[in-house]
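The structure under discussion appears below in the form of structure tokens.
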Amino acid sequence: MTKNSSTVFTHARIATLEEKAANLGLIEEAALVVKDARIVYAGPENKLPDEYASFEKIDCGNRLITPGLIDCHTHLVHAGNRAHEFELRLQGATYEEVARAGGGIVSSVRNLRAASEDDLVRETLPRLDALIAEGVTTVEVKSGYGLDRDSEIKSLKAARRLGEERDVAIRTTFLGAHALPPEMNGDKAAYIDRVINDMLPAIAEQGLADAVDGFCEGIAFLPDEIARVFDAAKAHDIPVKLHADQLSNLHGAALAASYGALSADHLEYTDADGAAAMASAGTVAVLLPGAYYFIRETQKPPVEAFRAAGTKMALATDNNPGTSPLTSLLLTMNMGATLFRMTVEECIAGVTREAARALGILDQTGTLEIGKDADLAIWDIERPAELVYRIGFNPLWKRVFKGQIKPHVRMEPFMTIILKPGSVPLETLEKIYREGLPVRIDPAFHAGIEKAAARIAEIAAGDAPVYGINTGFGKLASIRIAAGDVATLQRNLILSHCCGVGEPLSENIVRLIMALKLVSLGRGASGVQLEVITLIEAMLEKGVIPMIPEKGSVGASGDLAPLAHMTAAMIGEGEAFYRGERLSGAKALGKAGLKPVVLAAKEGLALINGTQTSTALALAGLFRAHRAARTALITGALSTDAAMGSDAPFHEEIHQLRGHKGQIDAGRALRTLLEGSAIRRSHLEGDQRVQDPYCXRCQPQVDGACLDILRQAARTLEIEANAVTDNPLVLSDGRAVSGGNFHAEPVAFAADQIALAVCEIGAISQRRIALLVDPSLSFGLPAFLARKPGLNSGLMIAEVTSAALMSENKQMAHPASVDSTPTSANQEDHVSMACHGARRLLQMTANLNAIIGIEALTGALGVELRKPLTTSAELAKVIAALRAKVATLEEDRYMADDLKAAAELVADGTLSGVISAGILPDLEA
């Protein structure tokens with residue numbers, strides 16, 4: 001998105017889970033407002049403050065909004081499985097017998113030590129995805145299957161990477177005191193020494209643990225041994241939690257309480273005194289029904305004692321390979337109710353509010369209160385109890401993480417954006433493009449749509465000839481069509497105009513085309529029936545995506561061929577994709593439970609006569625170009641620091657004196673990105689270079705100018721996206737008048753502007769790459785940034801690749817709008833060429849992403865070669881994000897994967913996403 005999300009979720013029921021509220025804090029007929037990833041309002045919709053009236057509105061259809069679910073106790077990162085132990089237990093072996101036979105935790109230790117960090121991440125992601133699919137937004141992940149320093153660190157790093165791979169918050173817990181590794185030969189004291197003197201200091205130094213845990217049980221560690229670990233954790237200022245009283249009562253609950261632990265978990269054998277101690281200390285009881293069920297325990301945790309004492313209770317999956325291979329918090333809630341006799345309210349609070357409390361993050365999440373993170377789960381249920389009582393049923397409609405609606409494994413898109421034709425902002429259009437959300441026209445516009453349709457019906461029934469209603473098309477406009485043939489005329493129009501060639505446009509482009517067509521028709525000047533509108537809306541909601549070939553439009557009279565293919569699917573002809581399968585239009589509609597529409601007078605013409613394909617392609621290019629432009633400022637700052645360049649050219653007054661807004665914004669961004677760099681401070685004095693080359697010194701002037709024309713193109717395209725562009729139009733006085741709004745010249749010019757900006761951003765980025773690999777220009781860096789030049793070629797050919805991509809973009813940047821050719825027997829004798837002018841932007845921005853990705857690799861490596869000097873805090877975050885995907889270059893290696901990964905980090909917004917808010921310039925100035 002171009003800016004932080006500002007969204008109002010309307011027509012909802014909200015379970016706030018506020019602590020003192022009864023009945024889950026349920027509010028009927030409610031609204032929830034998100035701004036900058038935080039909740040700013042949660043209450044009755046009829047009391048919604050006026051200040052939020054301009055925010056984007058999403059109609060939740062009376063669905064239930066709860067806090068995002070939180071799994072507060074998992075061992076999600078593990079290698080392999082222990083299915084053989086499951087078979088042993090079925091034969092009667094106890095937990096202790098399995099452990100003493102070399103199984104249990106020690107078995108998982110062997111597997112984890114043999115796995116790489118990448119292996120662990122790869123194996124864990126499907127388990128995490130299963131949780132996410134049920135509305136989970138926060139997951140705690142414990143180590144404890146490495147049991148040596150390197151393996152425990154590897155496990156925790158893999159856990160942290162999960163939060164980079166998926167849109168979910170990860171809390172990591174160091175569980176070194178989980179079991180005694182076999183190499184210790186039974187010497188628990190020596191192993192605890194290693195935990196507190198070797199593992200914990202290294203983990204604390206790297207900031208890898210949000211908490212420290214231990215397993216207090218006879219088969220693991222006794223209370224005095226756990227106390228040593230907790231004392232060490234306290235010295236490192238890390239909170240603690242404890243596996244306690246699962247198989248016997250060693251008074252682990254009381255021990256946890258005495259240290260003010262965040263939680264004590266399992267607790268089957270906890271007594272009333274332990275429950276009271278936990279309540280007094282504020283230690284949460286985390287109950288794990290999956291383990292209780294899986295190993296067929298007979299002693300239940302004392303839920304009644306916890307209630308009586310006022311101990312807070314949470315629920316968690318305890319996902320682990322041996323005793324609870326469970327990846328469903330919904331099933332966990334059901335188990336909590338049926339096995340432990342918890343109430344519905346206790347179960348739901350146990351995976352939201354109390355789970356957040358158990359992780360020490362209740363001030364951030366877990367309830368729907370003002371100021372907290374906008375982590376939400378939206379459910380298609382009538383009663384909250386349905387979350388608890390059903391088994392194997394997932395009613396999740398949408399998951400919202402940090403204010404952004406995130407896709408999940410279900411294919412149906414359930415959230416709907418409500419569009420107000422004529423005033424749909426760029427932010428909403430980008431959300432439709434990037435997130436694939438379905439849309440609907442605001443019902444307030446239906447009356448105008450129906451009024452225009454009624455007027456067209458009157459004209460069709462009359463005697464006067466009106467273009468496209470009772471005449472032929474284009475050069476055949478003089479031919480009168482009989483009233484009985486009007487429907488056939490519209491159908492023939494669609495079929496005859498399906499002349500597209502080439503590969504299908506991508507789903508996100510087609511969705512945007514359909515949304516733009518809704519906006520245009522929704523203005524009430526096109527004369528289509530409401531049935532046409534509702535079919536497009538239903539196709540977007542159900543996922544019926546017409547197959548539109550990429551080529552065939554000259555950008556006037558509208559995008560005829562592409563939009564004819566869109567309309568063909570609507571009438572049961574042509575082809576469409578449904579859930580990824582390419583089908584006939586009729587079959588795709590049928591599988592989605594939809595029926596083809598029979599087009600009435602003018603409807604076929606209204607659907608195909610418009611600029612929506614060109615505009616959608618240009619908008620996609622704009623959104624991609626803007627993200628790349630923001631990232632180019634980051635990589636430009638990296639390159640400047642790597643080359644020990646000066647930040648003096650970025651001084652604010654220089655840019656204020658010239659006055660261009662883009663230049664001012666670009667200069668400010670570069671200046672802020674470099675702020676605090678030790679590399680820069682190291683050459684403030686005594687640097688004999690007077691000026692840097694233009695590619696570093698003139699970044700604000702070049703990238704700022706590019707930003708300005710992107711913003712100009714954005715204004716043009718926002719207007720066009722809200723325009724009525726078919727022909728003829730039903731005017732406010734009821735007349736149907738022919739005009740030329742279908743001519744896409746404004747879109748063609750905007751596409752050319754974007755192409756020029758993309759070309760120039762890549763050109764100056766490529767010159768910075770060339771500077772860094774040239775030892776005569778890079779101020780002390782080795783040739784091609786190779787650590788052993790000659791033996792290694794370093795980034796030599798990566799720079800060549802960037803040059804090739806730059807040159808290709810120069811060729812494609814030639815203006816498309818200066819071309820024209822007459823068509824339709826010279827009736828349509830000047831055309832815009834907007835469609836292919838916009839379509840080329842997809843390839844150009846892909847090339848630009850690759851160039852900037854190469855600059856990221858080059859700049860990051862150059863900065864690393866300046867060690868022990870360090871770059872700024874902002875740029876260090878960028879390097880860390882890059883290194884999470886691409887290791888630093890020590891020796892020559894296969895480079896194509898590195899370049900691909902770096903380009904993806906540019907394209908998906910990862911690199912720009914780590915920069916603090918407010919530094920990088922927005923598209924809407």
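Glycine residues also receive a Cβ, built from the backbone N, Cα and C atoms like all the rest.
Quantities reported herein were computed from a predicted structural model and do not represent experimental measurements.
Per Swiss-Prot, the feature Fe(3+) binding site maps to His73, His75, His243, Asp318; the stated evidence is sequence analysis. Annotation comment: Swiss-Prot describes His73, His75, His243, Asp318 as Zn(2+) binding site. According to Swiss-Prot, the feature 4-imidazolone-5-propanoate binding site maps to Arg82, Tyr145, His178, Gln246, Thr323, an assignment based on sequence analysis. Under the heading N-formimidoyl-L-glutamate binding site, Swiss-Prot lists Tyr145, Asn320, Gly322, citing sequence analysis as support. The 2,3-didehydroalanine (Ser) annotation in Swiss-Prot covers Ser557. Feature annotation from Swiss-Prot assigns region 'Imidazolonepropionase' to 1-414. Among the features that Swiss-Prot reports, region 'Histidine ammonia-lyase' is placed at 415-925.
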- Show which residues of the chain containing His178 (4-imidazolone-5-propanoate binding site), separated from it by at least 6 in sequence, have their CB under 8 Å from its CB. Ile105, Lys142, Ser143, Gly144, Tyr145, Leu147, Asp213, Gly214, Phe215, Ala220, His243
- With His75 (Fe(3+) binding site) as the reference Cα, tell me which of the recorded positions Gln246, Asn320, Gly322, Ser557 is the closest one. Asn320
- Sorted by sequence, non-His73, His75, His243, Asp318 residues with Cβ within 8 Å of centre, Zn(2+): Thr74, Lys142, Asp265, His266, Leu288, Ala291, Ala316, Asn319, Asn320, Ser324
- Any idea what the Cα distance is from Asp318 (Fe(3+) binding site) over to Gln246 (4-imidazolone-5-propanoate binding site), rounded to a whole Å? 13
- Other than Tyr145, Asn320, Gly322, the chain contributes near N-formimidoyl-L-glutamate (Cβ within 8 Å of their centroid) the residues His75, His78, Arg82, Gly104, Ile105, Ser108, Gly144, Pro321, Thr323
- Roughly how many Å separate the Cα of Thr323 (4-imidazolone-5-propanoate binding site) from that of His73 (Fe(3+) binding site), to the nearest whole number? 13
- Item | Greatest C-beta neighbour count within 10 angstroms, which of the binding-site residues Tyr145, Asp318, Asn320, Gly322 | Tyr145
- Message: Considering Cα atoms only, can you say which of Arg82, Gln246, Asn320, Gly322, Ser557 is the nearest neighbour of His73 (Fe(3+) binding site) among these recorded positions?
- Response: Asn320
- Message: Could you state, as a whole number of Å, the largest distance between Cα atoms of any two of Tyr145, Asn320, Gly322, the listed N-formimidoyl-L-glutamate binders?
- Response: 12
- Query: Of the recorded positions listed here (Arg82, Gln246, Ser557), which is spatially closest to Asn320 (N-formimidoyl-L-glutamate binding site) when Cα positions are compared?
  - Reply: Arg82
- Note on the structure: Averaging pLDDT over all residues of the region 'Imidazolonepropionase' (1-414) gives 92
- Query: Given the binding-site residues His73, His75, Arg82, His243, which one's Cβ is surrounded by the fewest other Cβ atoms within 10 Å?
  - Reply: Arg82
- Task: Let me know the DSSP-derived helix, strand or coil state of Gly322 (N-formimidoyl-L-glutamate binding site), please.
- Result: coil
